[in-house]
Amino acid sequence: MSTAFATAAAVGADASGAEELAPAEFARIAAIMQSEARIALSPAKTTLVCSRLSRRLRTHGLTTFRDYLSLVDRDAEERAAMVVALTTNHTHFFRENHHFEHFREHVVPELRQRAEAGHPIRIWSAGCSSGEEVYTIVMCLLGPSRSGARWVFDRDVKLLATDIAPHVVAATRRGVYSEMTVEPIPEAYRREWLQAQGNEFAIDPQARQLVTARELNLFGQWPMRQQYDVIFCRNVMIYFDDPAKAELEQRFAQMLRPGGHLYIGHSERLIGPAADMLSSCGQTIYRRDAGQ
Ligand SMILES: C[S@@+](CC[C@H](N)C(=O)[O-])C[C@H]1O[C@@H](n2cnc3c(N)ncnc32)[C@H](O)[C@@H]1O
């Protein structure tokens, strides 16, 4: 049996049985996730953690979580890689479409008015994963025809997309998606804003240039100086514990200009002081009160 095969088999055995990751080792991993990314992992996630980390063990030729954890303790780069391996990056275009219907109908006309009055427009997709969310926002802003999109290209309109995981930030920057991935995009948008590239589809370069993609841990310092007109942070906070959610929601509320909108995921809700600054204006849609 080759060493590579022996290693894979051993890790495969770990990955399939929760008992291979001892409770104390799981607790150590959960503590790192909590302190590095505020991601809360309950013991029910043991099998998931085993299977997601098995590749990290193989990469380093390790067969036990004990050895892997001692590597993580002495190697900050591997600690970061472990955090990334344990993030969930599931996303798709036009996810939770009622948000985009609201955005198109109620928010885009207001943003257009503000842009035409000379205000900069800033939109943030926080926890953007591979970019489907931010490019959905871009398409909703631009509309289905290039001629109708002039107000965006001719004014100071910028979108920021951030995520803790470098590989999804790179995918956002690239803006190239498989045929299956672009399926949920309505035909009219696809025709105008996607370009065939071999078997894949690239976001139109002019549309892509509206977006800046950056690595950012939401619990670190935020380098942005200006306030935002709209923040989307959807299906991200579900992974955090309540104090972390409350802290983040308050930071989002402060980061919005008065009158600005916050969209959160369908299973999320506002908790803590943010609730005093934001009013509900739709299903998981909030607006910062003018006086706040
Ligand atoms: C399930 S995806 C959601 C993507 C998109 N917002 C959507 O709703 O389709 C969650 C994303 O949040 C990111 N994430 C998790 N914890 C984070 C943190 N502390 N800081 C920044 N991003 C984080 C993950 O890397 C992942 O890409």
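Cβ coordinates are placed from backbone N, Cα and C, and glycine is handled just like the others.
Positions annotated as S-adenosyl-L-methionine binding site by TrEMBL: N89, T91, R95, E133, D163, N217, L218, R234, N235. Neighbour density for D163 (S-adenosyl-L-methionine binding site): within 10 A of its CB lie 28 other CB atoms from the protein chains shown.
Summarising the annotation, TrEMBL assigns domain 'CheR-type methyltransferase' to 14-291. Confidence annotation: the domain 'CheR-type methyltransferase' (14-291) carries a mean pLDDT of 95 in the model.
Annotation: N235 carries the greatest number of neighbouring Cβ atoms among the binding-site residues N89, N235 [cut-off 10 Å, Cβ to Cβ]. Cβ contacts within 10 Å of L218 (S-adenosyl-L-methionine binding site), excluding its own Cβ and spanning all protein chains shown: 21. Residues within less than 8 Å, Cβ to Cβ, of R95 (S-adenosyl-L-methionine binding site) and separated from it by at least 6 positions along the same chain comprise E132, E133, T136, P184, R234, N235.
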